[in-house]
Amino acid sequence: CIHASWECDGDNDCLDGSDEHANCTYSQCQPEFWQCANNKCIPNSWKCDGNDDCDDGSDEKVIRSNETFSMVVKLLRLGNSYITE
């Protein structure tokens, strides 16, 4: 048995997947969650983290627009040259 809120939540909680049956209707995820292509809801922080949390890869294929990205690059000095680490 599983908790009723786990039925039709986009996540296979039962080994046989019976909690995600054909009669499920999926609505939008809560604001702090992101909806995968397979309708599973995952925390926003799990997008693009290198893990396939959706079980279909859709959380790792997210295309972000109008967002600014920053990256810290560590430079190592080797003689008169610098290399990135």
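Each Cβ is built from the backbone N, Cα and C atoms, and glycine gets one as well.
The record in TrEMBL lists a disulphide bond between C41 and one of C29, C48, C54, namely C29.
For C54, the cysteine that TrEMBL lists as its disulphide partner among C24, C36 is C36.
In the three-state DSSP classification, C54 (disulfide bond) falls within coil. Note: C41 (disulfide bond) has non-local neighbours D9, G10, D11, C29, Q30, F33, W34, Q35, i.e. same-chain residues 6+ apart with C-beta under 8 A of its own C-beta.
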